[in-house]
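**Student:** Starting off with a structure, shown below.
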């Protein structure tokens, strides 16, 4: 489905690659992969269009990094090198034009990451919602178990401080992003699918195409591997049924009565949540988590299943290790408190994530009110999911909705944050087109005891510190 890359092609052996050049190396995902290449002793060069602190970090590790895109940047890249690009780079990029003229091998970022996974046991986490948290949870648990995993995920892991790092162990945890179809390249030994929702239809076109991509992903799991699928989600349950019919080893998890790994009971208060989980064979273990929300109990159960049934780790040890996870950046991340008002930031940007966030935040608001400041992400998603986003926000005491953060997309006439506020039925919403507008409303309305959550995949994350500074001066 991705016309720029052939995700079915075999990848070169990393030991046979003399050099890697990365275009747009400064992005979070690309810089993480760059660190992994450097740790493996690969000769690395790269470029980005702006100077960033991470570029100096890569230079300190031996990379040659240029600022600005130019054909001259690849003049010293040797024949036989591999060029790794991000999805954000278009075919007119002068470096990409030059390396294609020279006939160098061009790979997607995910293919570069797949090369790094060669020779290791891969644990991949896919799904519309929860994959960053779940992959971070798996990484933290494996680290606590002394397994020393390598990992590459979508956010920094609390306690580890980075989103990607090499490890001495044989397990490699990867967040398998489905947004552009590239998640089919990893060929993991164990895969967790948290859920399958109608997201990224700007790329896939139809729900059927999206479901087919997940089937292809699951079919790449090693023949003696394991698919771990959430029984509480219709999409992942259908995938589990399809793979079972194909003869694959599959285990489901969740609250459903017929789940192979079942949440028997659960409880939670503040940031301490726990559950009793029944494993195959009649075994039961207790989970004690340091992250809030019923959704994280579900995520932890998926990780527990993968660790015990997929990687062969003792059930009690695996359950205990999950308490080591303290969250990832921009996933219900506390930003501070001022004038008695707590401010939290979160990356939620589709209806499922937003609903789980609002439900968790509402349980943690204590005696005050929950203010959600939401910035829609992508015009296509806002147009397709306005009703679902509105229903999720209806659970807040107050919702301020900004205009759309378009990212890679051009504006679409008639599509704005107002689509969401107009669809809300609770009467708690205000369309505040800019962050300044939202800040002004907050300063008028919030009082001691309230909880404010800034939410979205765009630059809304910058609003939290401004709220705290303004409250200090109020």
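Backbone N, Cα and C atoms are what each Cβ position is placed from, and that goes for glycine too.
For reference, TrEMBL lists these features for the protein:
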type	residues	note
DOMAIN	19-120	domain 'Mur ligase N-terminal catalytic'
DOMAIN	125-306	domain 'Mur ligase central'
BINDING	127, 128, 129, 130, 131, 132, 133	ATP binding site
DOMAIN	330-458	domain 'Mur ligase C-terminal'
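What does the local environment look like for each feature on the list?
**Tutor:** Around the Cβ of residue 131 (ATP binding site), 25 further Cβ atoms fall within 10 Å across all displayed protein chains. According to DSSP, residue 131 (ATP binding site) is assigned to a helical segment.
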**Student:** To which of the binding-site residues 129, 133 does the lowest count of other Cβ atoms within 10 Å belong?
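**Tutor:** It is 129 that, of the binding-site residues 129, 133, has the fewest other Cβ atoms within 10 Å.
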**Student:** Restricting to the same chain and to sequence separations of six or more, state which residues have a Cβ under 8 Å from that of residue 132 (ATP binding site).
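**Tutor:** Listed in sequence order, they are 153, 154, 155, 175, 328, 331, 347.
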**Student:** In the same chain, which residues outside the set 127, 128, 129, 130, 131, 132, 133 have their CB within 8 A of the centroid of the CB atoms that define the ATP site?
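**Tutor:** Near the ATP site, the remaining chain residues are 125, 134, 194, 195, 299, 353.
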**Student:** Sort out for me which one of 127, 128, 130 has the most neighbouring CB atoms within 10 A, since those are the binding-site residues we care about.
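**Tutor:** By the 10 Å Cβ neighbour count, 127 comes out on top.
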